[in-house]
Amino acid sequence: MTKKPFWTGRRRDHLAGYLFVAPQLLGSIVFVFVPLGLVFWYSLHEWNVLADTFDFVGAQNYQALADDPKLPGVLAATGLFSVGLVALNLSLALLLAVLLNQRLRGTIFFRTVFFSPVVVSLVAWTIVWGFLLQDNGGINGMLGAIGVDGPNWLRGETTAMVSVVVVQVVKNVGLNMVLFLAALQGVPANLYEAAKVDGAGRWRQFRTITVPLISPTILLTMIITVVGSLQIFAQIAVLTQGGPGTSTTVLVYYLYQQAFQFHHFGYGATLSVLLFAIVLVLTVVQWQLRKKWVFHES
Amino acid sequence: MSLRAKTAVYGLLCVLALPFLFPTWWMVTSSVKPLSEVFAFPPTLFPSSVSFQAYRDVFTLQPFAQQYFNSMYIALAVTVGTLAVSSLAGYAFARIRFPGANVLFLVILTGLLIPSEVTIVPLFQMFHSWGMIDTHWPLILVPILGAPSVLATFIMRQFFLALPGELEEAARMDGLGRFAIFSRIALPLARPALGAVAIFTFLHSWNLYLEPIVFLSTAEKFTLPQALTQFVDAYGGPMWNVQLSAASLTAIPVLVIFVIAQRQFIEGLAHTGLKG
């Protein structure tokens, strides 16, 4: 009886599997999970970079978080921005996708137009809009030319928030539009024919056929858009610096200010924990919604 | 469709297209306007005369060519690195059965919930202790190995899952090893998925702003997004025409490439993995 060699085909395959995933796995450990652990660890410390002290303070940073007079404003701005962005982005993306899904000439041209801001450098895009939204800038100039006195967009609390949302929606709505368009093209045309025979109007067809059939895509884009909306930073930093007041100070911008402008690393880490908790809760909630709301899963 | 409905759809599309087209037009035209005309009222849609002074200023006020190169090579390095890491991992999770594969996949996937904004403070500290502050390493290593590449791995896995297995079986019979099957058979077939991953990885790196301003501090090392905001006058106010020229130089080349290859861009992204 000969001894079976150790390196059987199966063992080789297992080794190949581990080696193939090793870079991603080790990378995730070093650049995702260890830093995540450190975020929690730092949040329990008072860290003074200038004096080079690092002292355990227990839950003190969390107490400071609960007592932070700015925090309600920051959370309100974060929530307003996310809700506004997700609502406007998804509804506009769906509208554009439905319009482009019609059998018309020139839809490729319009698809290119609506997608083009996606490939424009984010800060370049934001700078141009910042320029347009100046009190004496292009938008108010155009409004003035037709006799309308436009507001100073970036200096009013409401108009600043609206501006930031719109700038971001126009920048990225093309991505969701394209995903919706692909989903729409997968809806069988005979369903609409049948509905027409039953006398269903366009709006009714949209509600009872289109939306349920593309609901997996709606959910996926919603999750991506919600998480993306919580990561917003450059637009705020360039357009409003969180102002006026704290009306556009979203959580990531506040985190950046605390950690890298005021050097409160411990408190910055505490804000990171809060951000992580929000992302986690929102994603889990949406994932649960899937069971109730999504029509079918392919 | 009736003529009236058609007209309505076209009208709506044209109105909706304005905020998508106008900013780019305004950026380019304003960048060549004489300074006195930049904020003129009523606004001029076409510049009365063309001046390239602001474009010259872009290169004299900052090492803009160097910064352009920085952004390019970082984005390319990140793209190549991400393609390698994510196609290997995605292939293994889709095609190789090894103990613990499902658990490991779930562990890696949770990285999607931990964007680098959450971990920026410890990442800064880690790179600080490795002496890599004010170098490009954090901007290259974190996207390739950290959270941003997880989505890429997911897309690659979805693609390889859908690939028919017969080709691989044939190659196995011929005695090819796993890596040879991966590189000679699976990878060439995965071109559409690789293309989509390459596009959004490049754009992600190209757009990064928080990480560069946290990690970099000398102008020669800046990336484009960071450089764009540095064209300010002595009072910290933006030098609009110079900023707009720099923004045009940043945006236009990518836009041109996009318009030429828009079909591959859009359809590649739409039909690859990101579907529900």
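Just so it is clear, glycine is given a Cβ too, placed from its N, Cα and C backbone atoms.
Taken from TrEMBL, the feature domain 'ABC transmembrane type-1' applies to B:68-261.
Annotation source TrEMBL lists transmembrane segment at B:7-28 (among others). Within its own chain, the transmembrane segment (B:7-28) is flanked in space by residues 1, 45, 244, 247-248, 251-252, 255, which lie at least six positions past its ends and keep a Cβ under 8 Å from the stretch.
Sequence-remote contacts of a segment are chain residues at least 6 beyond its ends whose Cβ falls under 8 Å from one of its Cβ atoms, and for the transmembrane segment (B:72-94) they are 101, 104-105, 108, 136, 139-140, 143-145, 148-149, 152-161, 163, 182, 186-187, 190, 194, 197-198, 201-202, 204-206, 223. The feature transmembrane segment is assigned by TrEMBL to B:72-94 (among others).
Residues annotated as transmembrane segment in TrEMBL: B:101-124 (among others). Through the fold, the transmembrane segment (B:101-124) approaches residues 89, 92-93, 133, 138, 142, 146-148, 150-151, 153-154, 157, 210-211, 214-215 of its own chain, all at least 6 residues removed from its boundaries and within a Cβ separation under 8 Å.
TrEMBL lists B:136-160 (among others) with the feature transmembrane segment.
With a threshold of 8 Å between CB atoms, the same-chain residues lying at least 6 positions outside the transmembrane segment (B:181-203) that come near it are 75-76, 78-79, 82-83, 86-88, 91, 95, 143, 148-149, 152, 155-156, 158-160, 163, 167-168, 171-172, 264-265, 268-269, 271-274. TrEMBL lists B:181-203 (among others) with the feature transmembrane segment.
What TrEMBL lists as transmembrane segment is B:240-261 (among others).
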- For the transmembrane segment (B:136-160), the distant same-chain contacts (Cβ-Cβ under 8 Å, at least six residues beyond its ends) come to 70, 74, 77-78, 81-83, 85-87, 89-91, 93-95, 105, 108-109, 111-112, 114-116, 119, 123, 127, 130, 186, 190, 192-194, 196-197, 201, 204-205, 208, 211-212, 215-216, 221, 223, 272-274
- Message: Do any residues, 6 or more residues outside the transmembrane segment (B:240-261), come within under 8 Å Cβ-to-Cβ of it, and if so which ones?
- Response: 24, 27-28, 30-33, 35, 38-39, 54-55, 57-58, 61, 64, 68, 206, 224-225, 227-229, 231
